[in-house]
Amino acid sequence: MEEKAHKQKKHTQKHSGPKAQKKKLKTQAGAADDDERKRNPKAFAVQSAVRMAKTFHRAQDIKTKKHHIPVVDRTPLEPPPVVIVVMGPPKVGKSTLIRCLIKNFTRQKLGDICGPVTIVSGKKRRLTFMECNNDINTMIDLAKVADLVLMLIDASFGFEMETFEFLNICQVHGFPRIMGVLTHLDSFKNNKTLRKTKKNLKHRFWTEVYQGAKLFYLSGMVYGEYQTQEVKNLGRFISVMKFRPLVWQTSHPYVLVDRMEDLTDPEKIRTEQKCDRTVSLYGYLRGTHLKNKCQVHIPGVGDFEVSDVNFLPDPCALPDAQKKRALNEKERLLYAPMAGVGGVVYDKDAVYIDLPANHVHQQQEEVRPTTELVQSLIDTHATLDAKMAASKVSLFSGSGTIDPNDVGGQSGDQRELEEESVWDPDTNRERRKVLFPGDEDDASASSSEEEEEESDDDEDTVGDLSAFLKETRAETEEKKADGAPLKKRQRLEEAGVTAEVPAFADSEDELEMSEEEEEEEARGAGDSGNCSEEETDDEDSEEESAEEEAGEVRNKPEETEEMSEEEMEEEEGVLRWKEGLQQKAAEAFLRHQEAAPNLRKLVYGAVLEADNSEDDEEELGGLFRVSRPQKSRKAQANAVDCSRFQPDTSHNWDLEEMLDSIRDCFVTGKWEEGQDAATLLKEDEELYGDFEDLETGEVHKSQSGQEGVAEKTDSDEDEEQEVKVEEEEVQKNKRLEKKRRLKERFDAEYDDGDATYFDDLKEEMQKQAELNRAEFEDVDDETRVQYEGFRPGMYVRVEISSVPCEFVTNFDPQYPIILGGLGSSEGNIGYLQMRLKKHRWYERILKTRDPLILSLGWRRFQTIPLYHIEDHNGRHRLLKYTPQHMHCGASIWGPITPQGTGFLALQSVAGVKANFRIAATGVVLDLDKSVTIVKKLKLIGYPYKIFKNTSFVKGMFNTVLEVAKFEGASVRTVSGVRGQIKKALSTPPGAFRATFEDRLLMSDIVFLRSWYPVSVPQLYNPITSLLLPVGQKDSWAGMRTLGQLKHDLGIHNKPNPDSLYKPVVRAPRHFNPLHIPKELQKALPFKSKPKQQQAKGKIPRDLQRPRVIREPHERKVAALLHALTTVHHHKRKKAHSVLHARHKEFLKQKEKDEEAKMKRQKETRKRLYRVMGQTEQKKQRSSLKGEQKDS
């Protein structure tokens, strides 16, 4: 029984009902913070105001640290390719990584990496890869144009000096995005060592870049390439990365040249090989707008003026804006002219065709689209007449071809060209072979549709052509589905799936997704990533979906009409009366619908438009079709939904503009003053007055009539009071509503909620960016270029004349060519004031007047700086050497560069040195010669005549004129006596009279401290490394320092004799006796008065004491006494030592006794305290027992 009583019924949860629904919603939504706060408010109460304030301040600090100063977004609609610089020490895997990334994006292999390689990585992004070699000149140039730097690090070796040099270069010239890539990780055999190395390298990399900088790991190589998944992850990061605009790049136009052509007259080159050349440089324009005839600088060559600029068709254009997630094979473009990849390139006056030599004399299995024309010309075997006789022409997409023998042929027998992917083992790449109609029964009409849409910009024409394109696509699908069952064909038509699928779409779904596409994927999760061009053709997909929803009744006649001739022949056995039975039934149904009233039209006043069936149209000679507007999609509405009513499709009543156009046609619309609905009703009431409802018998009176009756009767007075109260309430409510609206408007103006100054600034920048884009949005490129110049993103051809011939003859594609645009004043040379600091890793200090190589702006040049420091009084004092760990000023003669531009300094760019090569970094402060640098100059003189406080000094100046210039100047002696120059003396020349605070000595030295202005040496020697022969471009040597010259020439410094250490021989000085005047002696106290003491003379012989000579007995007595004294002293000393030892023993014994005594006392205290504690416990127990008994 007890078991049954304890056993309780198990709780069963409800699966339906309001409680279960509420619980389900709560579970789905999750525990929200608001619910938690309502359920347990004390848990969320503020425990400590100080801690809460600290938390809030920390959160705000973290939020504010993420803010950047908003800048106006000047990115064009079609931005130029992102420049990705792959940098690292030699043999670290730079070329291999570029090849793997190119293969990941374009499915093509590139053998030799030469110059910039541009690829299409997505629908809105292109990438330009550039390999950076170990030359310091290349590192400096590429750091100025890079948007992203892939910094390769050999993990098995560690960081090398080139990595830190490049990081410092980037810090000076505007820090681009930097991603580290660790390679050679497969050389680690121990996992623990690998993890430790990764951690150390990561934290060191974070120290140099920023905390949390991305560092990729390439774990190993498979068949000479990095692992596909790792390269794909790296490519995905590159594809979605955002870039912060850099100040120098956004304020200057620049071109990373990917192609160069020599336009010089060949006859001129033949007659004079060393003549200046005229070259044209090609590349994508970046930065800001480029004007024609402007000044540019080519780093490594020099300054030039642009002769002509033109924009060309984009050789690596972005794909068409279509709704798709991945690129197909045709859109995976690769453009690298310096590496021999580029296909057909269109120039201003020529067409360049890249056709490899091994392709000319071999029969190719497939023809690339870029070389199709040339290949067909080379491989031709028939004459032009024979080709014309056998040729067929198709004027419009979807129409039939015209045969010279049979003009009346039907268009349905002809099929379009198709392509097939074929792997070419010779070139190790995938090529696309053209399949003619006889080879394979498969076609695609996407290209023709794109051409039609591009050629016709008129909206109405595109609308009329949409039905025509629809029919063509339906015919193509019918041909693709030949031989398939009818049900399968219906499924193909309903699903809208075409046969062509990109070969690599599955692997690129996530790679090519942008934010917009992710939203689309979230809205329709069932969409496949393998969509072809036909599925995503503009707005046709929406029209197809409307067709599918129209129902089976309309689909059946369409299928019947679209049946091919082969299917009609299969049905010859069927009875004649059964032919077209479905079509007849559909026509009868439509006639019945036309006779019936359209209830949908009568109730809603709107009709759903749908696509009509595609009928076979008449063809004239197989070429043209008869256009029947009444049967087109826009002219005829759906007969099922709108019988007896033909909707006007030219007016789309779903648009807000169409509704606004007729809004004022109704009573509620905005009328003129005096014609408003309320005003007219009031006038009618005054005009007609009272009236009686004949059905109900109720009498309605006007307002004036009611007031008259109310005055007569008392009952009406009460009603009038009630009306007044109601009116007052209404007026009060109106006033309150008006106040509320005013308050809301005030809050909206002054209390922006969570909006901050940063948000307002961002919004202002966004408005400015939209305004900039809208200014020339509708203007064609030719006109737009004349107003604003060539905008970034254009592929431009820049023609430059008077270029040194060595630039062309010694051209090496491994070294980048950068065309940097200069501002209006940046082409001038002048004085620059800078702030400079010697790099802490550079082992030597820098000396004034030693030549230094600077990288400033686009330029690299050699100059002679003067270092100086500003004193507290504003004087700029020349320094002989740069100070340690401290900034100093520097003045140079160089190109005018905007203030705030960073620069770096090197002492040599030749070769590779083991030590750190960056000598100093700094920033430009001023652009004028306002700073006067002075150096200290000490002039030394000697007194030759001394009076009381006046002295005549010579040897300091040479002429009277020099003395006259320094009259009134302050002078000093080495002993510290100060003086002033008074006047020049006639003889000797250069001597002067000076007064001092005290009388000088003839041994004093007088010196004058002056400041002498120093002029800045005018040396500007641009580095022309690109003009050196191939293989010697990293060996540019300019002006040498004095130390290098002496070292190279074997010259040893001759020491200054005054600086040598030698013994100092000083003659003894004789001082005169001190003479105190008698008057002063009287006033002195006695002890300070000079005493008249005579010197002691020699004592005369008679006064001298004679010496005593002892007798032998006396000597014995003295010796005995001395011995006894010695024994006595010894005994006393011995007794004292014994006494000291005894006392020491006594002290030890006394200390032991004291310790024993203390121990006994401690034990006694313990016993006493124990007894006292026990007594206390007994008392407590007895007291507790007494309390229990009382209770």
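Every residue gets a Cβ built from N, Cα and C, even glycine.
Listed in TrEMBL for this protein:
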| type | residues | note |
| --- | --- | --- |
| REGION | 1-40 | region 'Disordered' |
| COMPBIAS | 1-26 | compositional bias 'Basic residues' |
| DOMAIN | 79-244 | domain 'Bms1-type G' |
| REGION | 397-579 | region 'Disordered' |
| COMPBIAS | 470-482 | compositional bias 'Basic and acidic residues' |
| REGION | 612-639 | region 'Disordered' |
| REGION | 697-730 | region 'Disordered' |
| REGION | 1083-1110 | region 'Disordered' |
| COMPBIAS | 1099-1110 | compositional bias 'Basic and acidic residues' |
| REGION | 1144-1191 | region 'Disordered' |
| COMPBIAS | 1144-1158 | compositional bias 'Basic and acidic residues' |
| COMPBIAS | 1159-1169 | compositional bias 'Basic residues' |
| COMPBIAS | 1176-1191 | compositional bias 'Basic and acidic residues' |
Tally of DSSP helical, extended and coil residues in the compositional bias 'Basic residues' (1159-1169): 11 helix, 0 strand, 0 coil
Non-local residues, at least 6 beyond the ends, that sit with Cβ under 8 Å of the compositional bias 'Basic and acidic residues' (1099-1110): 1118
Counts by DSSP class (helix H/G/I, strand E/B, coil) across the compositional bias 'Basic and acidic residues' (1144-1158): 15 helix, 0 strand, 0 coil
Overall pLDDT for the domain 'Bms1-type G' (79-244), taken as the rounded mean: 91
